[in-house]
Amino acid sequence: MDPLLLPRALPAAPQAELNAAATPIGTTPHKRRPRGRIERAHDEPAYVLHAHPWKETSLILDVFSRHHGRLALVAKGAKRPTSQLRTVLLGFQPFAASWSGRGEVRTLTRADWSGGVAPLAGLPLLCGFYFNELLVRLLAREDAHETLFDAYHAAVVQLGADPHGLTAGVEPMLRRFEISLLRELGYLPPLDRESQSDQPVRADAYYTVDPQLGVLPKPADGSHAELDSARLGGGLYLGAQLLAMESGDWAQAGAARAAKTLMRELLHYHLGTQPLRTRQLLIDLHQL
């Protein structure tokens, strides 16, 4: 299974472009780099998110770089049997990229393998594809997110570190990355404060999380007072669960399940109607 070409044809979602024009919760939009001039980069930390053949011997790469964000690079001659790029341009393997050019697609001029990440296989590989699909669908091109790049690198390292014993800890790891992604893009407000009043979230109160308005208190009509944390879901969250998500305390009762529900709701809103292909594969494996 080629880690560059699977899952097949990851498209950039039009909905993500529309969302990029909106003002996210609690953030200001990132500034994009001016186009039309020749741009050069040297030894930029990067990962290949996706690749597809171009002409007979080359590849078009969808690359996530630390300081330049997501961009397209043409790797000329990368498909030749003698090309050194074949051993460097691998999925989930960090490399130092150098490129030059202008316009939508730049030319890769050098690529050096950085190492330090074990090859992914099985469930870790599928989780990695899930991360890549999220990035391709949600990230605008040439919009730098250094914190998100670091979170992605940490997640890939964790995926490669324990390929046989990962199953028990896979969901907290997935939730951490989803939270990092949505938080960095401005799609996830602080979960320890009410978004409109800025009042602290109470552990014993109930809340909803609106994709546009943020954390809102549930009306105090007593209609949900009988619910406990094990039964919450479908958009209603106990304050203690929101506080646990904010702090990363997955030992809190119901926090992991509540985080899964919240991430599904927010991702569905921002991704639009086209489902994630890798999520369905993970659901089929009863892992997500």
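Just so you know, glycine gets a Cβ as well, placed from its N, Cα and C.
Features reported for this protein in TrEMBL:
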DOMAIN    44-113  domain 'DNA replication/recombination mediator RecO N-terminal'
REGION    18-38  region 'Disordered'
Model confidence for the domain 'DNA replication/recombination mediator RecO N-terminal' (44-113), as mean pLDDT, reads 95
Could you put numbers on the helix, strand and coil content of the domain 'DNA replication/recombination mediator RecO N-terminal' (44-113), residue by residue per DSSP? 4 helix, 42 strand, 24 coil
